[in-house]
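Colleague: So TrEMBL lists these for the protein:
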REGION    B:1-31  region 'Disordered'
TRANSMEM  B:40-64  transmembrane segment
TRANSMEM  B:97-122  transmembrane segment
DOMAIN    B:98-325  domain 'ABC transmembrane type-1'
TRANSMEM  B:134-159  transmembrane segment
TRANSMEM  B:187-208  transmembrane segment
TRANSMEM  B:262-282  transmembrane segment
TRANSMEM  B:302-324  transmembrane segment
Amino acid sequence: MSTPDGGTRPAPTDSGPRPSTPTTPTPKKDDPAMAQRIDVKDLNIYYGDFLAVEGVTMTIEPRSVTAFIGPSGCGKSTFLRTLNRMHEVIPGASVHGSVEMEGVDLYGADIDPVAVRRQIGMVFQRPNPFPTMSIEENVLAGVRLLNKKISKSDAADLVEASLASANLWNEVKDRLQKPGAGLSGGQQQRLCIARAIAVKPQVLLMDEPCSALDPISTLAIEDLITELKKDYTIVIVTHNMQQAARVSDRTGFFNIAGTGSPGKLIEMDDTGTMFSTPKEKATEDYISGRFG
Amino acid sequence: MTTTAADTRAPSPAPSNGPDRPRPPRRRTRAADRGFNRAFRYLATSAGTLILIALAAVAGFLLWQSWPALTSSGSEIASKVSFFQGQSSLASYLGPLIFGTLLAAAVALAVATPLAIGIALFTSHYAPRRLASLLGWVIDLLAAIPSVVYGLWGALVLAPTIQPVWQWVSNVLGWIPLFKGPAADPARVLLTVSLVLAVMILPIITAVSREVFLQTPKLHEEAALALGATRWEMIRTAVLPFGRSGVVSAAMLGLGRALGETMAVVMILSPGLTYSFALLLAGKQQTIAANIALKYPEANSLGMSTLMATGLALFVITMVVNMASRWVVGRRKEFSGAN
Amino acid sequence: MTVLVSTAFGIALVPLVWLLWTVVGRGIGRLDPYFLLHSMRGVFGGMDAGGIYHAIIGTVWVTVGAAVISVPVGILAAIYLVEYGAGGRLARAVTFFVDVMTGIPSIVAGLFAYALFSLFLGPGAHFGAIGAVALSVLMIPVVVRSTEEMLKLVPNELREAAYALGVPKWLTVIKVVLRTAIAGITTGVMLAVSRVVGETAPLLLTVGVIDSINFNPFEGRMMTLPVYVYRQFTAGLVPCNNPNVTCIPTINYDRAWAAALTLILIVMILNLVARLVSRLFAPKIRS
């Protein structure tokens, strides 16, 4: 949860901006801060008729960091985007198989993808704050863009809590009305994280969140990820194996046989095991830098 | 960490990436597409469709209104329409008008195209950046001036001033039918009109040509320069061949504009309905657009229908020219995209 | 060769400078508050009177009417092309015909509006709204093209950011895409307005001419500024025979020049403001 806990925050903060979507898979309504487990079974991902990723089965544990590694084009980002149905934003894209969050199929017939995305937030490769909005408005974007009413004090609380969770509050508290695009790259990315957690999702997906950042900003984001996993299920795609080793609890390795063939999940295990004694030869080759 | 999911079930025995795989059902998108989402999509789509309908309606209404004239005999039109001027049929009335329209536009194009190419090259390959943007602004200004102001200036200032020049031209080049003298005074003749039209279509030809010239691959240009070519040789060997089809389509766009221009012609030209190439004589030619604007006040119902028929002809001509030019541009896009 | 190319440019400058010089020189003398605030009602012969107030009213009404029709249709069509069409057959057809539509001669647009309204009201109807319809035929493609360009400039990342926050597509389009592009769209709309504000021929056919003020765009003829210029031009020189009456032989031309100057000023101001809007209010989008 973005707020440290329910004790210090007034109760309305939690109920006010919370999305109350009836079709939303929220099994544990009394505890919205609960991070959720995701089960993926036999997932095939298509772009039109092209099978991009094939037969992925995995479980993503709550309150932990799961990292996906693999060479370029192996489908790890594509797979990540299917977890909150961002995949289908691309025309012609579709999936076959099931993705369940705490037993609810995210691709069920009556599930609204928009509601899924409110439960499973996303942070992108390049920081993308809304250029027309101030820092404060960016944090509140998830609320304001949906025309939801929120009182001034609730909004201020939400902004502070979200920015504090993203380790950005102290840096920007004096210039909340300044445009978000005026921050440094690392700050912008943390602003995007604050924006994502202001919607109070249960899961946070991160698609190579540090690839456009310098080493110091990367360090700040990695520290943040370690803190956030207390409250969220975090899934991160990264090109950087050291990063996966540093931040993640479990690691999945994706690979591709060749151009035109589908990407596959080769192996998934605890991060320590993956980097010391992987079961598959391909994983070992990749980790030891023999290809990719 | 638990080990419940540690076993990797992913690497299944090599199923092929083929169409034999069951396709996912289409219902996936339905949940997202309802309520306001769907309403908004419909709204946007119908706005797009409305444009197609509007264009079809333009053609349809012109045809509908010109139908009485198209189906009446020449003698019937002649007896009812005051401005028919003893023509025997609609075709014989329309013929000189189409001729005049094409002639005025063609002369304008002949004047404007070389100038526009020169200006486009100047702004794309010669002028320093700052000057180039200033020049672009000046050319935009030419496009912003309303045609009625061009007409006013052409009729009251240009026509009297340029008459001696036309007289001189007819003295020197009078043996060419185009420049047969004596030049009319004041010079309310087709050459003056075409000159004004040329100024009016200069901006669009320049703008499109400049776009194209700027797209010349830097590699081609540098290759030419590296071979020791001068800037002009580089332009001749790299820029012009690359931009040729773009310039053609720019010129055709300009042609489309010139064909449809009304006020400058109405205000400057002394009209006549003949198939004459004499650019310096008054009372020889007229264009369709100008003729409509001039005859409209005195037109009765069949007269209006006759004018609609001429308007339909103008519409068809400009549509053909525009479509052809867009087609040339479209083909070019595919071509340069492959490079 | 440099000389030749530069000469071409010099030649292009001649008509522009010459024309502007003439219009300003001949128009500035009569362009005063009296001229702006009086109509032509009761003005005849060589009287040193009359103005363009009625024409300004008409131009404002007709242009605003055209914008009211064109802006929603144009922006929605552009949204369709960029956000929904996605290169489908209909979208390709719309793109092609929008391009073709930019080439419709203005007089043909006038004939179309005339024919459209004669279907409902019988032939010969003249009022402001018909002119607005005629101008919107010319204006819609310009609005579509410029809006389309602006929407394409909005980075896809912003759309994805909004989707990832659980914002439905239609709200994303309205509150993120349109809001990001709004300065550019405003500029495009103003440039489109400045393009149609000087149109004469279609208004001659649809709105007609009148000497007095008419505030109602749905009934009765209206004068518009470009048509006013044309009318004064066709009125020509005035024969002044009675030395006891103040009579200016060139009064009609004088008024035409002054009205032309007003028209050019309006177009220039629209252009200038449009450029300022895009420069001052456009958000900085990383390329």
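The backbone N, Cα and C atoms fix where each Cβ goes, and this holds for glycine too.
It should be emphasised that the depicted structure is a prediction, and the values quoted were computed from it without experimental measurement.
Any idea what these are sitting next to in the structure?
Modeller: Listed by sequence, the residues of this chain that lie at least six past the ends of the transmembrane segment (B:40-64) yet keep a Cβ under 8 A from its Cβ atoms are 33, 308, 311-312, 315.
Counting same-chain residues at least six beyond the ends of the transmembrane segment (B:97-122), those with a Cβ under 8 angstroms from any Cβ of the stretch are 135, 139, 190-191, 193-195, 197-202, 205-206, 209-210, 213, 235, 239, 247, 250-251, 254-255, 258-259, 265, 273, 275, 277, 279, 285-289, 291, 310, 313-314, 317.
Panel annotation: around the transmembrane segment (B:187-208), residues 100, 103-105, 107-109, 111-113, 115-117, 119-120, 123, 139-140, 142-143, 147, 150-151, 153-155, 158-160, 162-163, 166, 246-247, 249-251, 253-255, 257-258, 261, 264-265, 268-270, 279-282, 284-285 of the same chain, lying at least six beyond its termini, place a Cβ under 8 Å from a Cβ of the stretch.
Cβ atoms under 8 Å from those of the transmembrane segment (B:262-282) belong to residues 85, 87, 93, 95-97, 99-100, 103-104, 107, 147-148, 150-152, 154-155, 158-159, 166, 169-170, 177-184, 187-194, 196-197, 200, 289-294 of the same chain, restricted to positions at least 6 beyond its ends.
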